[in-house]
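Here the structure comes first, spelled out in structure tokens, and everything after it is commentary.
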Amino acid sequence: MLKYFGTDGVRGVANAGLTPEMAFKLGRDGGYVLTKDKKDGERAKVLVSRDTRISGQMLEYALISGLLSVGIEVLEVGVITTPGLSYLVRAQGADAGVQISASHNPVEDNGIKFFGSDGLKLSDAKEEEIEKLIDAPEDKLPRPSAEGLGTVTNYHEGASKYLQFIENTLPEELGGIKVVVDGANGAASALISRLFADMGVDFTTIATHPNGLNINDHVGATHTKKLQEEVVKQGAQLGLAFDGDADRCIAVDENGNEVDGDHIMYVIGSYLADHGRLKKDTIVTTVMSNLGFTKALERRGLKNVRTQVGDRYVSEEMRANGYNLGGEQSGHVIISDYHNTGDGMLTGLHLLYVMKDTGKSLSELLSDFKEYPQRLINVPVKDKKDWKEHKRITEAIKKVEEELSDEGRIFVRPSGTQSLLRVMTEAPTQELADKYCEEVAKVVEEEMGSK
């Protein structure tokens, strides 16, 4: 297991766990690893962007200093979504990109996420290479002077280029359906009105006035209550919520019900399949997707391939086997005909397009999807790495698996960013899901709990 990199880059409390000093080292060491193969005389180019957190500029300046110290030319994009940066890295032919964001996490946190020249997250091997340099007893990387140093160029026009890209993925304007959009006071806040107005959408917004401190503050993809209330209050047909860096989208139907990533993929995937455009009649998800999702697909003659948790692994599976739709229950949805990473705004507009083209409400499009009751318990633990070595835990899991058979499941995994073990169950009834989840969580707490 990696020391600094989690499932989504390096994260921590800004100016405590994730310090400017650490950002400098990540810029210097990460920049070197990603650009060391440039031919002599060729300047490496790296794009840097951030979300709206107050700590973003502090970490950005430190990170950029690290990049400049190994001779890298930096294009400073400013505030933009994570998928926006991913797109611009490819569009600009850059060697790499770095996004400063902690996504859906609270404002105290921040993170640093690297992308390769293909706009994709780094492999475990690349992250391990960076970590070895960070922990090296001596810094032996090049230290150019004068003309060998990098410089910074403002590239704030990148946002307009990214919005144009999204608009070009849709064949027509999207008027006629009333939408409420929640920007989470995050990176999408300044982009939503431009994009949705350009597409002719009848929309209103909430949480699009970031002040550096209010990102994800009871709004956004992980806090949809306010959006649900607004959809009902305004008589809207759809609500769309993004998270802090807008790489995920959660929807709300016309009745105020939350619609997660599984449901969104089902709607878009079914539409693509009906039009002969769902490659291999398959949608790729992680092991966290609801069992009801798989069974709903099977009723339509479609298939579901599952990966370990993390949109990076979904993306890898899609590219390896030629699938064009995948994602996570949490709202990361990859429509690879257009983009190679989860993109909240792209996903939201394509969901809206399906509603417009079919003339159906979101609840109608989901009428065949019967979700299995689910329970998730996060158990704080001392050390999440060796949980499989605890016989009582593995035996408790096996017992539940045998009792549920193919009418439910249990899944235990370590958090990628926190000292937690996540215990998740699905069963035909909520009572059973609660019972089995609580049983296993109790054993985990007794064996490994941090209290």
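Cβ coordinates come from backbone N, Cα and C, glycine included.
Listed in sequence order, Asp8, Thr82, Gly111, Asp243, Gly244, Asp245, Asp247, Arg248 are the same-chain residues at least 6 apart in sequence whose CB falls under 8 Å from the CB of Ser103 (phosphoserine). Annotated phosphoserine per Swiss-Prot: Ser103, in sequence order, evidence recorded as sequence analysis.
In the three-state DSSP assignment, the secondary structure recorded for Ser103 (phosphoserine) is coil. Marked as Mg(2+) binding site by Swiss-Prot on the basis of sequence analysis: Ser103, Asp243, Asp245, Asp247.
Under the heading active site, phosphoserine intermediate, Swiss-Prot lists Ser103, citing sequence analysis as support.
In the three-state DSSP classification, Asp243 (Mg(2+) binding site) falls within coil. Take the CB of Asp245 (Mg(2+) binding site) and look out to 10 A: across all protein chains shown you find 35 other CB atoms. Every protein chain shown contributes to the tally, and the Cβ of Asp243 (Mg(2+) binding site) ends up with 34 other Cβ atoms within 10 Å.
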